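Participant: According to TrEMBL, the transmembrane segment annotation covers 43-66, 78-100, 106-127, 139-160, 172-194, 206-228, 240-265, 277-308, 361-379, 391-412, 424-444. Residues or ranges marked as domain 'Cation/H+ exchanger transmembrane' by TrEMBL: 54-442. Taken from TrEMBL, the feature domain 'Cation/H(+) antiporter C-terminal' covers 635-782.
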Amino acid sequence: MGITTGAKFQAANRGTAAYPLMCYRSQVPNPYSIFYGGKPVKFSFNVILVSLILTILFSRSLHFLLRPLRQCRFVSQLLGGIILGPSLMAQSPMFVSMVFPLTSEFLLKNLGIMGLMLFLFVSGVKMDMGLLKRSGKKQLCIALPSVFIPLAVASIVGFSTRKSMDANLQKVASIEAIALSLSVTVFPIHYTVLEELNLLSSEVGNMAMSTTIISDTIALNFMVAFGAMKQNEISVHNAVLYLVSSMVFTAFLAIVVRQLMLLIIENTPDGEPVEQFYVIAIFLSAFVLGFITDMIGLAICIGSFWLGMVIPDGPPLGATLVEKSETIIMEIILPCSFTYIGFSTDFYAMKEASWSALSPLFGLFISGYLSKVISTMLASKMVGLSWRDSLAMGLILSMRGHAELILYVHWVDKDIIGVPGFSMMVFATVILMGVHAPLISILYDPSKPYMVNQRRTIQHTAPNDYLRILVCIKDKRHLPSLVSLLQVSYPTVQNPFSIHVFHLVELIGRANPLFIDHQNQELKELVTRFPDWGTIHHALNLYQEGIEDCVDLQFFTTSTTKATMYQDVCKLALLSKSVIIILPLEKKYDGEIATKEEWGGGNQSVIIQVLENAPCSVGLLVEKAERWQLPQKASFSFIVLFLGGPDSREALSYSSRMAENPSLSLTVIRFLAADSKGDDEMQKKMDDGLMTSFWVQNEGNDRVSYRELVVRNGADTVAAILEMAKENYYDMWIVGRKQEINPSLLEGLSTWTENQEELGIIGDYVSSADSVSVDSVLVIQKQVLRGKGPNTKTTSTIAPVGKFE
């Protein structure tokens, strides 16, 4: 027989609420099915299944419904748990008896705590403790006031209302523990929310992450100190043992465990995953260390969190641990934690408790929160942030999350607060997070700095000035096509190139993005951290050999999530004053463009985000051949499809520079609408002006030819393209993406293509059609100025002149 008292958690400070003492068998007989009189919810495994199904269903549904309000997943998951708990659905005795009988409480609690332990372990693995060394004065100037000012304010409020508190809460250690939790900034929730809001690579996001690491370090020391104060309430001997145990445990992690992790990394060959034995041993260690910290008086999840912190982030070890565990932890196990929290949260217990009992705790919470926001905002303003960004920083660093929920549970276990106080803190957390996430997304737009008013295009670059190109490489497989494009672009002493090579690496196994300027980095160190880097560096240096006077090369690397990768691309394009960003795409064998796997899919793909936010023009290089590179022959031919509009003008400007290459034959085909149907007069005048300038420039060049084709609709346009493909083989087709193209030229083609969001209708058709035999396609979008969408009219610096016939 097993006996449960309804748990100390639910028995403490419940006012008039009564909880039964239950006796039940550890295993019910006849455990077969409902057809034999069995009750499925009487069995532990079935309770787990029901808990998982309902929690995931509710949290996912709520997240879908709250997404338009810009709510983060934490709010949806916590609300899902609360809805299932005694605050709502568990008020029904029938629901409780059928779905979550009292016998399931012990199981849910332990499964929930295990989920939080593993979540904090993975969060610790992602933490980059090197940020402590790299953090500057700005981060320190924000971190210190944002911790100590709210700690002081909350402590003063706590001691001034001490007489109205209950016996457990009015103890010095209890007040200071709550004041500390309200003043520190905890890493896990900030990382998850910033990742959801796509702010990890932003200026405010980077500063917030660095500040959080400093704050966590301060908090860990204070936490141990206040824990000793709590132990001292029992006896000095207990406090001494607690401090000694904590110090020995910390030293063991920092010295012994850290070295073991480094040995595992040393024994793992470059590019190979960590052995399964080590992975299993490390996850087992997370539970062992959680048991030890619980035994010595620290919160049970602290051991797993600290273990994660001493594991080197990123590949190979940190990345392997995250890849093998993150999905099942975040999507399957962690939801059980919110079910447990939800069942421990009781709104009716708050109603039964008098306001006089809850008001001191509420005063502590409000004073700590407001002083945290205000102190962080003022400190951020003092280090140079705008008021708008300072408020966003204050809101970010005041967020509450998973770690705070664990602390609330820990306080109940230590008799600091009861269920009414716990419920109030949980509800306050839901409200704050429900307000913070949308406010932050409204206050801070990470893409705003990249949209500039100054023209940064090839068309507006002086002929004798550097052509500044940002070449993005996500996979070394794209090197041949990118190098070939740079070669055919034909840099000279009179028309030199400044090329910024940007290696894009997806962030796995770490939380803090990296942005590296390789000018002061050792090549051996970079190859160890980024295996593809050696190949990229060697290939581009080979390209530069012999033309050092014409080409200036600079190398950069970013390691960030796909969702924020565009921010680093746009930031570097802005800082380097690039006039075009080159992004490689690869055609799969089934004719699709392999963008989703490499660049992410939908409206949040890196390609779409760069096109929408780039501070300069963008070129999408599609590899139709398996590995396109310059043909091994004396000459090769390119073709430009000029359909009009800013993108076509930019494509012609780039082609005009290529035309200076003595090995290149260039054909320009201009499409005109029959009877000028659908023409925009202003755009047509600018097209005429640029085309005339192009022809005057290349009038004596026998390798450049020009034709005009009059078409009635999209079908005529496609027929003309197919005819050109049959007449001659072109090594590259160059097209404008889609800005201001005469709609009559594309009439009826919108359903012919599937990747027109990235490439435009004509670019996608040429890239995908098997009947158009070509090695590579270059699709160009001209810079979109601030406040203007891709389809908005733009002006040109080229004066309109008479149309060339």
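Yeah, the Cβs are placed from backbone N, Cα and C, and that goes for glycine too.
Please treat TrEMBL annotations as automatic predictions, because they have not gone through curation.
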Participant: Top stretch among 43-66, 139-160, 172-194, 277-308 for CB pairs under 8 A with the transmembrane segment (106-127)?
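Facilitator: Maximum Cβ contact count belongs to 277-308.
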Participant: With Cβ-Cβ distances below 8 Å as the criterion, list the same-chain residues six or more beyond the ends of the transmembrane segment (240-265) that contact it, or say none.
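Facilitator: Here the qualifying positions are 224, 227-228, 231, 274, 278, 285, 289, 292-293, 296-298, 303, 306-307, 310-312, 316-317.
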Participant: Out of 206-228, 277-308, 361-379, 391-412, which stretch has the largest tally of CB pairs under 8 angstroms to the transmembrane segment (139-160)?
Facilitator: 361-379
Participant: Would you mind listing the long-range same-chain contacts of the transmembrane segment (277-308), meaning Cβ under 8 Å and 6+ residues beyond its ends?
Facilitator: 113-114, 116-118, 120-127, 223-224, 227, 230-231, 241-242, 245-246, 249-250, 253, 257, 264, 317, 320-321, 324-325, 403, 406-407, 410
Participant: Any contact between the transmembrane segment (424-444) and the transmembrane segment (78-100), i.e. 3 or more CB pairs below 8 Å with pairs at least 6 residues apart?
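Facilitator: In contact, yes.
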Participant: If you count every Cβ pair below 8 Å, which range out of 78-100, 361-379, 391-412 shares the most with the transmembrane segment (206-228)?
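Facilitator: Stretch with the highest Cβ contact count: 391-412.
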Participant: Do any residues of this chain, six or more beyond the ends of the transmembrane segment (78-100), have a C-beta under 8 angstroms from a C-beta of it, and if so which?
Facilitator: 41, 47, 50-51, 54-55, 58-59, 62, 108, 335, 338-348, 405, 423, 426, 429-430, 433
Participant: Report the mean pLDDT of the predicted model across the domain 'Cation/H(+) antiporter C-terminal' (635-782), rounded to a whole number.
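Facilitator: Averaged over the domain 'Cation/H(+) antiporter C-terminal' (635-782), the predicted model reaches a pLDDT of 84.
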